[in-house]
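Below: one structure, written as structure tokens.
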Amino acid sequence: MDGVGGSREDRSVPRLGPRRRGGERRGGCEPALPRHGRAGIARERVEPLGSRLRLSRLGRGDRGGALMPGPPDPPRTAVVLPDLRGASQAPEPPREKNPLERLLGLFTEIRPGEGATAILLTLNVFLILAAYYVLKTIREPLIARSGGAEAASYSSAGQALLLIFLVPLYGVLAGRVDRRRLITAVTLLFMACLVAFYFLSRAGVPVGVPFFIWVGIFSVMIIAQFWAFTNDVYTPEEGKRLLALVTFGASAGAAIGPWTTGKLISAFGVDAMFLTAGALLLVSLALTRVVDARERERRLRHTPARPGAQEERIGGGSAFRLLAQNRYLLLIAFLVLFLNWVNTNGEYVLRRTVTEAAHAHATGAAADAFIGSFYGGFFSTVNVVGLLVQALLASRIIHFFGVRHAILILPLLALGGYALLAVFPFLAVVRFVKVAENATDYSLNSNVRNLLFLPTTRAEKYKAKQATDTIFWRLGDVLSAGLVLAGIHWLAFTTKSFAALNLVLAAAWLAIAFVIGRRFARLTASS
């Protein structure tokens, strides 16, 4: 052998060298290649002709159209190899946005080809949140039949205990199946429970307490699963731009769900709402499978699958092991814990202040009417402000300031708000602080919390997120309940005292958020 890859006789065939200025190549007798490069040319087989090799024409458009030099042997038929361009490449995205993408561009930065998946995910989470608020609305009259506020308090503790066992079971299932089968199985299980509650309630069985516990578990597990799926679909770069749009669907579902439920209950009764929520979940599941199929097809266009290959399993270890092994995930878990701890304490401060104001001006039914009227206006204001923040500000804040700084906004609001309440614990001030806190939490902060899981593995998205958004979230409820119990019965806390304590907790929350923001920036620096 003389040289690499050929005998001494091969030297008469010029090698393809790099293009020089003017389209010329080294080895001047070689024809220039077309602009699209070698990958787009159907090469022809090199065949032995006598004692030398001959290379037939490489393609049209070469300068002069000459053939490679060779002896004047009789021409032979060349075997053309198939052109496999695009076999493992995705088609070029549309050059222009379609009308839907131009419309969505009013709310966030969206690129050609991204509109369909974004709107499907937005509609999906809209249906999930609408279903949750349908169930949350009928939960109140059902729990009232089974013990009222006391039963609700005990049920909240039961939710936290059950989640400690359910989250590991979810992790076992996630480790054995792909994401489509996981989401399908979990959603169908929740739908089956709704059908069972419907028939039990129709039969006169008291379902208030078990349904209250079930709704609390459903709300955190099904929503966490959706956001895990969304994080799995989008890259960190795409998520930073598009999750704000998807979260708008959640805000809209939360706002429309209760309003629609009230009208449906008047027409069909409470029991029918079990089936209504089940139907919403069924449509949501169908949308999830459509998005999954679209994304799988897009992925296969980039990387063709082996014959008979199956969708990759989620895999990974248990949720608690993932949290213990990854400090970033553990910090997110404590962020969620402090967020809910502070927020739940604030809800108690609001409830206490409203009750004191109601009994200071009225008694009996009049006081109940005052409280009901106050909360009706409060929830409406939170929903409207949250929708406006989500539609007009959330994506822009994340775009211009980044997740690293956006994650600090809510703890800073809480820090300032509870500092104000520690000095001025009046109803108007409490209402203002809680509207700002809750509206920001349901919009901007919801975006940021879900963005934190973009630079994680698939197992961490599905398993660790379930643990943080369920167990650690409910642990915040438990800590708040313990704090309120101790503050009322043993420490004689006033409203100012609870506000001051929340100020300390908000400072710890802010410190955790700062560290997470720095780690997120490092993890996504290359995205």
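Keep in mind that glycine also has a Cβ here, set from the backbone N, Cα and C atoms.
Copied from TrEMBL, the annotated features are:
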type: COMPBIAS; residues: 49-58; note: compositional bias 'Low complexity'
type: REGION; residues: 1-79; note: region 'Disordered'
type: TRANSMEM; residues: 116-135; note: transmembrane segment
type: TRANSMEM; residues: 155-175; note: transmembrane segment
type: TRANSMEM; residues: 182-199; note: transmembrane segment
type: TRANSMEM; residues: 211-230; note: transmembrane segment
type: TRANSMEM; residues: 242-260; note: transmembrane segment
type: TRANSMEM; residues: 272-291; note: transmembrane segment
type: TRANSMEM; residues: 328-344; note: transmembrane segment
type: TRANSMEM; residues: 374-394; note: transmembrane segment
type: TRANSMEM; residues: 406-430; note: transmembrane segment
type: TRANSMEM; residues: 471-492; note: transmembrane segment
type: TRANSMEM; residues: 498-517; note: transmembrane segment
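Listed as Cβ neighbours of the transmembrane segment (471-492) (distance under 8 Å, sequence separation of 6 or more from its ends, same chain) are residues 153, 156-157, 159-160, 163-164, 167, 216, 220, 333-334, 336-341, 343-345, 348, 498, 501. It is 211-230 that, among the stretches 182-199, 211-230, 272-291, forms the most Cβ pairs under 8 Å with the transmembrane segment (155-175).
Here the transmembrane segment (272-291) lies next to the transmembrane segment (116-135) in space: the count of CB pairs under 8 Å, restricted to residues six or more apart, reaches at least 3.
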